[in-house]
Structure formats: C-alpha cells, structure tokens
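Only one structure is covered here, and it is reproduced in the block below.
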Amino acid sequence: MTERYAVFGNPIGHSKSPAIHSMFATETAQSLTYEAILAPIDAFEATFKEFVTNKGYGANVTVPFKEQAFALCDELSEQAKLAGAVNTLSVLADGKIRGDNTDGLGLVADLQRNLGSLTGLKVLLVGAGGAARGSVLPLLQAGIAKLSIVNRTQAKAEILAELFSSYGDVVSLPISHTGKSYDVIINSTSSSLSGEVPNISSDSITSQTVCYDMMYGKEPTSFNVWAKAQGAKQTVDGLGMLVGQAAESFNIWRKVRPSVEPVLTQLRAEL
C-alpha cells in the first residue's frame, strides 16, 4: 500500500518539501505520496487529525505551526522537547503521535558536508528564535568547543544559553561585541529575506571563518554577501539545511537514509 505523507503550513504554496520527498522516494525505491496541505491559521490540529483519519502516516510542519504540533504530540524526542517545537510528526502503530525536530540535525549535516568535522570549533549563533533554539543541541552534540549566542534582544539569548548550559559551553553576548573571532558564524535570523544584515561586528570574521545563513535564494543572501566582503573563508546558504532536515524526517518515517547531494544539486539548478 502506498503510504501518505504531507507538509502543513500557512502559507505553503512555496514549499519544496513535496519535490524533495518525491526525489527521496524515487532514489530509495519507496512507495509513498507526499503533498502540501494549507492548514487554516486557527485549525491546524483539526486539519492534521483529518489527515491522520485519511491514512496519513507522517507529516512535516512549517511556519507557523511548529509549536502547535509540539502541543498535540503524545511522545516527544529529547531534541523536540528542548527545541520547544516539532517539524516532524509520526503516526505510531498504536495511533499515538510522536514529535521530532530535525531542523538542527539538517543544519549540522550540512555544516559537516561543507566543513568536515565540527569538533573543537568556536561557533557564533546569531538569533535566539525557534530556528536557533532547534540548532543548539545538535551543534553541541557534534562536538563544538564553544557556542556563543547573540540576539538583538540580549535577554532572549541569555534565556537560550541558560536552557542549554548543562549540555556544553554555551554563553550569551551583546550582539555588537568586539574582539572575538569565530570558526563558524551562523545567521539563524530571517534578516536576509529583507536584504538586511544582523548588527554583528566585522571583527568576528577572519580569513578562516565560515559563515552560514539559514536563508537561501538564487543569488547569495545579503548576510553572505556582507560576510564575503569582510573576508570570510567560505559562505554557505541554507538550502542544504532544508534538504538535510527532510532527509532526517524521511529516515524517521521510512528507516532508510536518502542521499542529499543529488537532490540538493537539482534544487540549486531550479532556483
């Protein structure tokens, strides 16, 4: 029987998830369907439950429903609990709903694909919203030496650093702090969508720094253009993170890990 999967969001028309999972299914010879479902802002839970009733096996969840998805789960992975949000829902054999968060795993996989091992690296995380929160534990588990978090509102960065303090060396700093350089700088904010750049000091970047923007587009993002102008060694956008988190979700559902590279190459060509 062909099993049914979907991505829920609002808006959702722009989603690349159906194309990604269709390519994964072809590559791994899995029989499934994957569609995009527009859920009303005030009716995510009802829309998802209708999907489950109609033989839905699993789903991805995007903006603005990740916290609502978290709330409806019967079981949660450790990563989902700490992220406070769910992007992957699985319908278990007993009908219970399990929630996972694969966003940070997708980020780490893409960083490792571009950099190799992350062990011992000093990382600056810009932003303290949901995307940042979902990334902290996977980064620490990948072996980074220290994670510094900055945010326009420093109190939010402080809360995040405190939440993960028992998992590794995590600190919060003023966004405009100077005198520190990093191996990797990750922009988790959506600043590039409006052509802006976070107010971080250019001396955070050296000729050995890799800068990563979670946003992506046909042209380099505004953050990556700025980082390159400051002399960054390498800039990477978030398209690989998108494909990586999808691969993690696919593996949770199908117990088979698809190859990211061919899908990423095709998506890049289609931007």
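Using N, Cα and C of the backbone, Cβ positions are placed for all residues, glycine too.
What Swiss-Prot says about this one:
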type: ACT_SITE; residues: Lys66; note: active site, proton acceptor
type: BINDING; residues: Ser15, Lys16, Ser17, Thr62, Asn87, Asp103, Tyr216; note: shikimate binding site
type: BINDING; residues: Glu78, Gly127, Ala128, Gly129, Gly130, Ala131, Asn151, Arg152, Thr153, Gln154, Ala155, Lys156, Met214, Gly238; note: NADP(+) binding site
Chain-internal residues, separated by at least six, CB under 8 A from Asn87 (shikimate binding site): Asn60, Val61, Thr62, Lys66, Ala69, Asp100, Asn101, Thr102, Asp103, Gly134, Gln245, Ser249
Among Ser15, Ser17, Thr62, Asn151, Thr153, the one of these binding-site residues whose Cβ has the fewest neighbouring Cβ atoms within 10 Å: Thr153
Sparsest-packed among the recorded positions, when each Cβ's other Cβ atoms within 10 Å are tallied, from Lys16, Lys66: Lys16
DSSP three-state assignment for Thr153 (NADP(+) binding site): coil
Farthest-apart CA atoms of Glu78, Gly127, Ala128, Gly129, Gly130, Ala131, Asn151, Arg152, Thr153, Gln154, Ala155, Lys156, Met214, Gly238, residues recorded for NADP(+), distance in Å: 28
Between Lys16 (shikimate binding site) and Ala155 (NADP(+) binding site), the C-alpha gap once rounded to whole angstrom: 34
Rounded Cα-Cα span from Ser15 (shikimate binding site) to Met214 (NADP(+) binding site), Å: 15
Site of maximum Cβ density within 10 Å, from binding-site residues Glu78, Asp103: Asp103
Whole-number Å value for how far Tyr216 (shikimate binding site) lies from Ala155 (NADP(+) binding site) (Cα to Cα): 28
Nonlocal residues around Gly130 (NADP(+) binding site), in sequence order (Cβ under 8 Å, 6 or more apart): Lys66, Glu67, Ala83, Gly84, Ala85
